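Participant: Below you'll find the structure I mean.
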Amino acid sequence: MNKRPRDEPSSSFASAPKRQYGAGGGGYGGHGYSEERSSARRVADHYSARSNQTLEERENSPIIHLKKLNNWIKSVLIQLYAHPGDCVLDLACGKGGDLIKWDKAKVGYYVGVDIAEGSIKDCMTRYNGDTDQQRRKKFSFPARLICADCYEARLDEHLYEDAPFDICSCQFALHYSWSTEARARQALANVSALLRPGGVFIGTMPDANVIIKRLRETDGMEFGNGVYWISFGEEYAEKKFPASRPFGIKYKFHLEDAVDCPEWVVPFHLFKLLAEEYDLELVLTKNFHEFVHEYLQKPEFAELMRRLGALGDGRQDQSTLSQDEWEVAYLYLAFVLRKRGQPPSQRRANNANRGKMFLTENDIDFLGV
């Protein structure tokens, strides 16, 4: 695996105004409110429709080593920034794929939010230990699950008794909020309102610098390899993206055995500026290639990589990440933000009172979905 140099911010994304990026905080490129609701629903339906895979099916995936690499990156982020007893807010939690990671971090309370009803029910099943791919051991923390569009709903109105949270996570999903300025702002407003001062926001999302660079390097409007492709519409034929209109830059993304739906470009330096308006300061941002090369130098994370098997286990399993999968990894970055302010001297003790150790469908809160 060769480490690629970090792409510099694209000049066409430079010098954006800090505050308002257009009238009324709405969308761009013709994306109106009803269309954005429709796009959010399409994304939700796509992920809900994906069935839970058995371990055998998962191991036979054409991108199994990429999935293991992604899990390693998320595990490293959680190990670096979560602490025993932490209260966790997991935005776009999906089917609960990170529950075991949080359990290993010995967190004290977990709230998962996802727009897809099918996914949140699968998350409940996984939490209860009822799937054939999960251990039978119970999780050590109480949990609460909410079915809601976390880029539209005011989550603080529903979670004020659960807050504040010590850590918030949004994995491979925050870019879906950048369809409009209003949704992007609501996403960050939710994080800021629910995190305690000094709390951290960890996440992963597409690296806009890499995606735009790839687009400009290709002759047409589509690029990819044997396991993925990205396609931009003809409205971007000039391959220019004015900094004054950073929202609603849509592309189609297909990844074998994983994703097949519209996504949105997130110019990261503008994301950083927007986050600062919500008292969220950047702590870390690294492209996945840079992240892997840096944290593989630490023995505990190298051992974790061996156990997960993204690069083989160093013993019988000699299979490893393909070049195509490694190229997909280059499309993503990891980030960490911290909420301004001094953390409280004493941890609030009653966050977890609303959680349960066993969940039924009646326990799932549905907020306007």
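Glycine is no exception: its Cβ is also placed from the backbone N, Cα and C atoms.
Fair warning: this is a prediction, and the values are worked out from it, not measured in the lab.
Features from Swiss-Prot:
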| type | residues | note |
| --- | --- | --- |
| REGION | 1-55 | region 'Disordered' |
| COMPBIAS | 33-48 | compositional bias 'Basic and acidic residues' |
| BINDING | N70, N71 | mRNA binding site |
| BINDING | K74, A92, D114, D149, C150, Q171, F172, A173 | S-adenosyl-L-methionine binding site |
| SITE | K95 | site 'mRNA cap binding' |
| SITE | K101 | site 'mRNA cap binding' |
| SITE | R126 | site 'mRNA cap binding' |
| SITE | H175 | site 'mRNA cap binding' |
| SITE | E263 | site 'mRNA cap binding' |
| SITE | Y332 | site 'mRNA cap binding' |
Participant: How many other Cβ atoms sit within 10 Å of the Cβ of D114 (S-adenosyl-L-methionine binding site)?
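Facilitator: Around D114 (S-adenosyl-L-methionine binding site), other Cβ atoms within 10 Å: 29.
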Participant: So if I measure Cβ to Cβ from E263 (site 'mRNA cap binding') and keep only same-chain residues at least 6 apart in sequence, which ones fall under 8 Å?
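Facilitator: Looking at Cβ-Cβ distances below 8 Å from E263 (site 'mRNA cap binding'), excluding near sequence neighbours, one finds H175, Y176, P206, K250, Y251, K252, F253.
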Participant: Using Cβ atoms only, which residues of the same chain lie under 8 Å from C150 (S-adenosyl-L-methionine binding site) while being at least 6 residues apart in sequence?
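Facilitator: Correct list: L91, A92, V113, D114, I115, A187, N190.
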Participant: Between K74 (S-adenosyl-L-methionine binding site) and K101 (site 'mRNA cap binding'), how many Å separate their Cα atoms?
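Facilitator: If we compare the Cα positions of K74 (S-adenosyl-L-methionine binding site) and K101 (site 'mRNA cap binding'), the gap is 8 Å.
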Participant: If you count other C-beta atoms within 10 angstroms, which of the binding-site residues A92, A173 is the most crowded?
Facilitator: A92
Participant: Give the number of CB atoms, excluding that of R126 (site 'mRNA cap binding') itself, located within 10 Å of its CB.
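Facilitator: 20, counting other Cβ atoms within 10 Å of R126 (site 'mRNA cap binding').
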Participant: Measuring Cα to Cα, tell me the gap between D149 (S-adenosyl-L-methionine binding site) and N70 (mRNA binding site) in whole angstrom.
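Facilitator: Given the Cα positions, D149 (S-adenosyl-L-methionine binding site) is 24 Å from N70 (mRNA binding site).
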